[in-house]
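Novice: Encoded as structure tokens, here's the structure I'll be asking about.
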């Protein structure tokens with residue numbers, strides 16, 4: 001057994017998705033492409049919302065925050081793997097592993113909470129349309145996002161502090177492409193009872209609680225939509241929820257896939273593979289889900305690029321004709 005101090009000096013080894021050398025270039029190219037698409041797509045959503053006054057509404061405020069969190073989430077889990085493949089190393093320092101684990105839990109929890117807040121926003125917009133603008137004022141929107149950050153940061157910090165108290169065995173290989181908390185705790189030689197209890201407690205609380213809130217909101221939404229007499233009115237009300245429902249479906253299905261794969265045979269390899277959907281594919285698809293069916297964001301992006309072209313022409317004209 002090695003102590004925490006020895007672990008700090010030696011660090012951990014991230015096995016990644018495959019140990020086959022011939023697959024490393026393919027994995028690097030595929031994940032780099034997915035990472036760039038994720039960052040570029042979510043940045044476009046943020047730019048569209050921030051640059052267009054028509055999108056300065058609660059729904060788009062939450063969407064832009066979700067895009068920012070998705071960029072951070074993907075960067076936390078994927079960037080170190082890409083660097084390790086490029087330099088042909090599997091090492092991550094003890095401090096780097098704990099830091100990555102903290103931010104992974106932080107942004108995963110933020111995703112969870114923000115999707116719940118967005119369900120509450122849709123609930124108010126459809127079930128209480130006359131009071132929506134009064135209730136969902138900028139102050140409340142900012143407060144909801146702030147609470148999401150504070151609660152997520154607190155739980156992530158507590159879990160990370162519990163892991164810091166553990167001592168680790170000589171086998172420091174993590175069968176994953178990032179420092180996933182369950183895989184790190186499994187390497188500990190000291191008693192992990194407190195860490196395990198808190199980990200399962202937070203999983204139920206941060207997973208089950210927000211999901212229950214989302215299901216409750218949409219049960220009320222469905223009841224309200226059924227009361228609308230006009231088919232056009234029903235379609236319009238439901239269409240405002242389609243994008244959010246699609247993201248919720250992707251998020252929780254991928255999370256469930258990770259959980260089920262970790263309980264079956266060959267759990268380490270299966271969990272690492274299933275985590276790709278959760279950490280990479282879902283954040284990459286979110287911008288497409290929110291933009292392809294959304295005329296407002298399409299129009300905002302079109303105006304943004306038109307303004308960028310106009311500004312570029314003005315700059316070039318000034319340079320050519322000073």
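Please read every residue number as a count from 1 along the shown chain.
Quick reminder: no glycine exception, Cβ is built from N, Cα and C everywhere.
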Novice: From the ranges 272-292, 293-313, pick the one that TrEMBL records as transmembrane segment.
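Specialist: Result: 272-292 is the stretch TrEMBL calls transmembrane segment.
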Novice: Under TrEMBL, the annotation transmembrane segment belongs to which of these stretches: 2-25, 26-49?
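Specialist: In TrEMBL, residues 26-49 carry the label transmembrane segment.
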Novice: Please report, as numbers and ranges, the same-chain residues at least 6 past the borders of the transmembrane segment (237-260) whose CB is under 8 Å from any CB of it.
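Specialist: Distal contacts: 59, 66, 111-112, 115, 118-119, 122, 125-126, 207, 211, 214, 218, 221, 224-225, 228, 271, 274-275, 277-278, 281-282, 285-286, 289-290, 293-294.
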Novice: Check the transmembrane segment (102-120) against the transmembrane segment (272-292) for contact, please; criterion is three or more CB pairs under 8 Å, pairs 6 or more apart in sequence.
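Specialist: Touching, no - the transmembrane segment (102-120) and the transmembrane segment (272-292) miss the threshold of 3 or more Cβ pairs under 8 Å.
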Novice: By a Cβ-Cβ criterion of under 8 Å, what residues six or more beyond either terminus of the transmembrane segment (26-49) are in contact with it?
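Specialist: Tertiary neighbours of the transmembrane segment (26-49) are 16-18, 55-56, 60-61, 63-64, 67-68, 70-71, 74-75, 78-79, 81-82, 85-86, 280-281, 283-284, 286-288, 290-291, 297, 300-301, 304.
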Novice: State the non-local partners of the transmembrane segment (272-292) in its own chain: residues 6+ outside its ends, Cβ under 8 Å from one of its Cβ atoms.
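Specialist: Counting only partners 6 or more residues beyond its ends, the transmembrane segment (272-292) has Cβ contacts under 8 Å with 15-17, 31, 34-35, 37-38, 41-42, 44-45, 63, 66-67, 70-71, 73-74, 77-78, 175-178, 180, 243, 246-247, 250-251, 254-255, 257-258, 260-262, 298, 301.
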